[in-house]
Structures are given as C-alpha cells and as structure tokens.
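These come from TrEMBL:
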- 6-25: transmembrane segment (TRANSMEM)
- 46-69: transmembrane segment (TRANSMEM)
- 81-102: transmembrane segment (TRANSMEM)
- 122-146: transmembrane segment (TRANSMEM)
- 158-179: transmembrane segment (TRANSMEM)
- 186-207: transmembrane segment (TRANSMEM)
- 271-290: transmembrane segment (TRANSMEM)
- 327-348: transmembrane segment (TRANSMEM)
- 379-400: transmembrane segment (TRANSMEM)
- 406-425: transmembrane segment (TRANSMEM)
- 432-449: transmembrane segment (TRANSMEM)
- 469-487: transmembrane segment (TRANSMEM)
Amino acid sequence: MDGINPVSVAIVIIYMSMLAFIGWISRNKVKSCSDWYVGNFQIGGVIMGVAFFATYFSAVLMVGFAGSASKWGMSATVIGMWHPVAALIAFAVLAPTLAKMFRSLGAMTFSEFLTLRFKSQLLGSLSSLLTAIFIIPYTVSAFLAMGTALSLLVNMPIWIGIVASGIIIALYVFTGGLFSATLAEFLQGIIMTVAVVCVWAVSYSILGGFLPAHEALASISISTVTFPALGSPLWTTMIGLTAVMGFGMLAQPQMVLRYSTICSKMDVKKAMVIAVFGSLIFPLAAYSYGPLSRAILALPEYGIDVMTIANDNVIIPTFVNLALPSWLAALFLIGILGAAVSTIDALVHLMAGTVTRDLIIPILKPKITDKDQLNTTKVLSLVFSLGSCIIAAIFSTGLIYQLASYTWRVLASAFMGPILAAVFIKGANKTGALTGMVVGFLSSQLWYLYSNDIWFAIFNVAKCPIDPFFIGVPLSIIATVIGNRFGKAPEDIVKLLFK
C-alpha cells in the first residue's frame, strides 16, 4: 500500500460520526420494547420507502455483484429489472395485510408473527433459529464488501475498516433500535443512490456515450452485450439470481419487518412509490457500471483485463480508484459505507430481536420484564454486530455475492410457504406452516449438496443447472398447502384477522 489516504479517512470519520450522532439522538425515542423492535409502528412512509431499498440493496451489490457483472456483461441488468416488480408486490399486495396483522397480533418480530398467527411456539422458535443462523453469512458478506472497498480506496488494512464500522453500527442500533436504523437508512439510501447513479453516468461519459460504450464492450467480447445462451452456466446464474434476489426478497425476515411496520395505509402507498423507484434505479445503475468498468479498465492507459482478476470483490474498487475523478471516488466511498451499514443494521436488529423475543424469552425467561427484555436485546445487538464483523475480518477473502445469495435462497425456501399462507389462506394452520418451512429448508439444502461441483467431480456426471431456489420455494408452498389439510386453524386468530 502507498499509505493511508487522509482525505478518505476524514470522510469515513465524518460519516461514522454522523451515524453515532443518529444513535445518540435516537436514545430518548426508545422507552419500551415496542419502540426498539418496531418503532412503535409510527415510522412514516417516506422514511420507510427509502429505508426499504437501502436495506434491500447493500455494498454487496455495489461491490460484489457489480464486480461479478463486469465479467458477465450487460445481461446482468436483467437481474435488476425484476427488483422493482418484487418491491411493487411487497407494498401493493403484502404490506397492507401484513401491517394490519402485525398490529392486531401485537407481533414485534417476524418469528413472533408466525408464532401468534399459527399459535405455535415451536414454529416461532424454529424460524428464529433458522434466521439467526443463516442471516450471519449475509451480514458477513456486507462487512466484507465494505471492508474490501475501504481497503482499496482508503489504503487501510481490510480488518480495520470492518471492525471500526462494526463498532459504530453496534452502538447506534444498541441505542435506537428500528427507529435509529430506519433514520440512518433514510440518509444512507439517498447518498448511495446518488453515488451509483453518478458512477453510472460518468462511466458512460468516459467511454464517449451510450452507443460507443456498448461498442467498446462488444469489441472485447460479443458476450458482454448479448444474453447468454439458453441452458449455459451463465444463463443459469442469471435466471437463478433474478428469482432469488428479486422475488426471494418477499420472504426475507428483515424485509418483511420493513414493510409490515408502517403507520398507515396512506404511508404504505407513499413507501411503495419510493421503494419501487429506488428498486429500479439502484440495481440498474450497479449492474451497468459493472460491465462498463471492464471496457474502461481495458483502455490503453490502464491495460487491465478483468477476466484475469481472480477475486471479483476487488474489481469495482480498483476501477473507482484508477479511472474515476477523486470527487466521485469519495462519493462512491460514502455510498458504499451507506449501502453496507444500511443493510447490516437491519440484519443486526433482526438477529438481536428474534433471538431475544423468540428463543430466550419463551424457553428460558417467560416472565422477564419489559426493561430486562429491552436490555437483553440491546446487549445481543452488540454481540451480533461485533461477532459478524470479527468473522468477516478473519475470512476477509470470502466470496461476497455467493454468501448473500446463499442466505436469500435458504430463507426464501424456508419461509415463502408459511408467510404466503399466513396472509392469503384463512384456514392456514401450524401443521401446514411447519411442514412448508421444514420441507422448503431441507429441500434447498439437499439440492445445494446435490448441485455442488465436488459431487459432480466425484461421480463424473453433468452438473444440474436448476437453482436451489426453484426447488425449495415451490416445495415450501406445496408442502404448506398439503400440510394445512391435516390441521385446524385457530378460530380466535381467524376471527381476529379475517373479520
């Protein structure tokens, strides 16, 4: 390294100080568990709309997915085009009903909602355990994306960036819970969107405009501007990620909490407009500047072929460091910080809340006071935040987008059946929900093992192109519907929710 960049360090310090300030001003807003867990259901539509896509998209997309897209080509933009469709479904179809159900049941976590909706503590505890375990790879991937960017843009060791950010995130989630998280996400969502759009626009400008840029890509390889052949490995990757990162979002616990805790129907509509717009612009920009970086780095003054770079995680930071003006590199750095932190705080908030309320209290301390529960949750938020950043610092060469997509596949497969049944099937019951969750989870995991490269190398057979998402999610839904035939819905809950 050439030495730490003092300007970039100053930017990082100022930004982290702002987050610490948000935590400080939020501390007086948290008087009860309801305040910490769900913002007392008082978070407005504008703030939640921005917070939604700030949580949805992270530095994983800005660095990891965009870096991989530099090798995939412009076909990667297809993945991003389905995000706004998923956001529209979330707010137009699921949010109004889920928000009403959460309030009626008094649910404060995703797992508690399942517990109360189906009157099954076993269902809530199992879903909490799955969430706590499998959300960790996603959290680690966000820390890795931020740490990699800080390492290359600020010239500091990757572990320093990871640990420093982990401490700040832990502190402001500790103090303010969902309120401080969404307030920070609102600020970060604006910054990160401006950053990716500016990088997108300047990338086209460097290459001479839209048509010259695509001609430059085509001159490198025609595959960079065409969709991969049907059934090819890249085609399989594109289709799988489109489903996972698009529609898989609907069953992610941290996302469900975002669109289920809005204060009114009017705010749901406001949030929907903002979330759909952000979910269109942000991924489209990131999946575009990824391939454009390949053409720019191939210019004579740089002479870099991204296909020779083994670690996809370093491609975008290298591109930003070498090819973009200093002001834009600084803006991109802030955007990466915002994107990473806005996702990490949501995941830390989710893990701390669900472990406390859905595992510790029902099993160990059923008579705990509200104050003790709040304190326990806050302590766990520190543990999860610092624990995840330590794991990321140790395994600093991890594959960012693979970790993130793995989490989304697992949780979508486990929860899609139960969450859809809870909303749309009046007679849904715990037998169906448990069956759907277990079948979805196990089938996706077994398919992961079956489709592993090592398995096919040992037995010398062709690798199956079907993504685990297309196995786990349909089986989860089918198993839930079939399981409902062998149980009975709780009548009092049905009367309460389906008047």
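Glycine residues also receive a Cβ, built from the backbone N, Cα and C atoms like all the rest.
All TrEMBL annotations are machine predictions without curation.
If you look at the transmembrane segment (469-487) against the transmembrane segment (406-425), you find at least three C-beta pairs under 8 angstroms, all six or more positions apart, and that counts as contact. Sequence-distant contacts of the transmembrane segment (186-207) (same chain, six or more residues past either end, CB-CB distance under 8 Å): 18, 22, 46-47, 50-51, 53-54, 57, 62, 213, 216, 278, 281-282, 285-286, 288-289, 292-293, 295-296, 320, 323-325, 328, 331-332, 334-339, 341-342.
The transmembrane segment (406-425) is not in contact with the transmembrane segment (271-290), judged by fewer than 3 CB-CB distances under 8 Å for residue pairs 6 or more apart in sequence. Sequence-distant contacts of the transmembrane segment (46-69), counting only residues of its own chain at least 6 positions beyond either end whose CB sits under 8 Å from a CB of the stretch, comprise 76, 79, 83, 87, 90, 138, 141-142, 144-146, 148-149, 181-183, 185-186, 188-190, 192, 195-196, 249, 254-255, 258-259, 261-262, 267, 270-275, 278-279, 282-283, 286-287, 289-291, 293, 312-317, 332, 335-340, 342-344, 346, 399-401, 404. Counted over residue pairs 6 or more apart, the CB atoms of the transmembrane segment (81-102) and the transmembrane segment (327-348) come under 8 Å in fewer than three pairs, which marks the two as apart.
Distant neighbours of the transmembrane segment (6-25): 150, 153-156, 161, 164-165, 168-169, 171-176, 180, 183-184, 187, 326, 330, 333-334, 337-338, 341; these residues of the same chain sit at least 6 beyond its ends, with a Cβ under 8 Å from one of its Cβ atoms. Residues 7-8, 11-12, 15-16, 19, 51, 54-55, 57-63, 135, 138-139, 142-143, 145-146, 149-150, 153-154, 165, 168-170, 172-173, 181, 184-185, 187-189, 191-196, 198-199, 202, 254, 257-258, 320-321, 381, 384-385, 388 of the same chain lie 6+ residues outside the transmembrane segment (327-348) yet bring a C-beta within less than 8 angstroms of a C-beta in it.
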